[in-house]
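Asker: Below is one structure. I have some questions about it.
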Amino acid sequence: MGNWVENEGLSIFVVLVWLGLNVFLFWWFYLAYDVPQKFFYTRELLGCCSTRVRRQLDRNLTFHKMVAWMIALHTAIHTIAHLFNVEWSVQARVEEKNTLASVLSKLGDKPEESYVNFFRQTIPNPVGGLYVAFTYLAGLTGVIITLALILIITSSTKTIRRSYFEVFWYTHHLFVIFFIGLVIHGAGRIVRGQTEESLAVHKPEICYKNFSEWGRKGACPIPQFSGNPPMTWKWVVGPMFLYLCERLVRFWRSQQKVVITKVVIHPFKTIELQMMKKGFKMEVGQYIFVKCPAVSKLEWHPFTLTSAPEEDYFSIHVRIVGDWTEGLFNACGCDKQEFQEAWKLPKIAVDGPFGTASEDVFSYETVMLVGAGIGVTPFASVLKSVWYKYCHDATNLKLKKIYFYWLCRDTHAFEWFADLLQSLETQMQERNNAEFLSYNIYLTGWDESQATHFVVHHEEEKDVITGLKQKTLYGRPNWENEFKTIARQHPGSRIGVFLCGPEGLADTLNKQSISNSEADPRGVHFIFNKENF
């Protein structure tokens, strides 16, 4: 046993040295190409560590979901396999037949023997299986971590997450119990193997045929066994260390002072929070996590930034749809009629910003922006930034054409966003570039009376709903026609398609992007991008 411990320690040391050497070599040669001036233009050409490359790290939610499903799949396989293992182990202990399994199971009943079958009782199934599940450390921790995983996954469904976010948030933190149980799951050492000393005198491939003669003179000696030590901690300690570091960074950032400079109440129970924070820098379409201790000391909620990088503040729009947002609404004094003093506004903690697909909007000459309902918020930031660029100097702006689509069920949701579109519309007209922005607003929740109203006022100069020259459309877009029309108008272009909306719409736009892209590299290509949260 001492030799085994020594060899195991040596193996761990060799692995750590090998990993450390790889990390050192990676960092050494990264600096070798990242620092010297002779590679300056090479870095510019290749875009080393560009925004596009760095943004892959911001797709953490997609990676998180993939890892979660893999954990769920392998947990199911692991659990089913152990159910069979337990059944066979319990059965082998109680059967009277002179089989290899029964002989192995009886090893350890005598003082000089070690056992290989972890189940030492003689309780038949199914009671024996339940006994293992609720009295053995491996069984009990297995039940706990499986239940924790089931609760985490079921509470992460879209219905629960959107309608009962608090349930999702608190249940998701059962991962702490999951990983604690996972680390100690193997401490009982129920998986046992033959010792090195025993293997030297008892060759399993030869001795298993004469198991009834074991221990007799001239025959194979009785094999000796020991349990494998728990190994999971080796795989968990690294990620857990990184997680703790991330939590410490988030805690440090959350302690930095955030000042709410303005609270704007928009129609349809939507509020806008304008904030300032020292050193805060953002790009278009990014999002932040927000915590309001007056509402909940633990909950962090993601919100898309609706301000532009050119503004001296950053803002979010919050639609009041749940307990937490209702609490924020009241904490900001929006439920009161009188003016709210700034010093009475609640303390806000902000973590971020974090990158999204929308950051790449200015990498294309032509883009399609598609927002569904409140999903228009990342494009508010984009359109504001375009407005500021045109107010100052748009000569260096690569983006030449925006096709903007907004799908919403009712008229109220248009009101808070219409002012921005009106400003853009006026700005483009004054600069004789009205064709720069082509926007299409679709009212999808229309009824017969609304349709009649639409027909009556269709000939008016401005739309009666938004106040824009572009008339509000009823129903849903014919995406095939839209893509084909845009493809004809921009031959040989790479067109960015950006969506913040439901999965069904994402599937439709992704299929249209593929079907309307040409095989010829010189032809038109639609590049689909979707927000991940």
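Every residue, even glycine, has its Cβ placed from backbone N, Cα and C.
Per TrEMBL, the features are:
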TRANSMEM  12-33  transmembrane segment
TRANSMEM  66-84  transmembrane segment
TRANSMEM  130-155  transmembrane segment
TRANSMEM  167-188  transmembrane segment
DOMAIN    250-360  domain 'FAD-binding FR-type'
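Describe the structural context of these features.
Answerer: Sequence-distant contacts of the transmembrane segment (130-155), counting only residues of its own chain at least 6 positions beyond either end whose CB sits under 8 Å from a CB of the stretch, comprise 68, 71-72, 75, 79, 82, 86, 89-90, 118-119, 121, 123, 161, 167-168, 171-172, 174-175, 177-178, 181-182, 184-188, 190.
Beyond the transmembrane segment (167-188), the same-chain residues lying 6 or more positions past its ends with a Cβ under 8 Å from any Cβ of the stretch are 118, 136-138, 141-142, 144-145, 148-149, 151-152, 155-156, 160-161, 227-233, 236, 240, 298-299.
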Asker: Looking only at the domain 'FAD-binding FR-type' (250-360), how are its residues distributed among DSSP helix, strand and coil?
Answerer: 21 helix, 39 strand, 51 coil
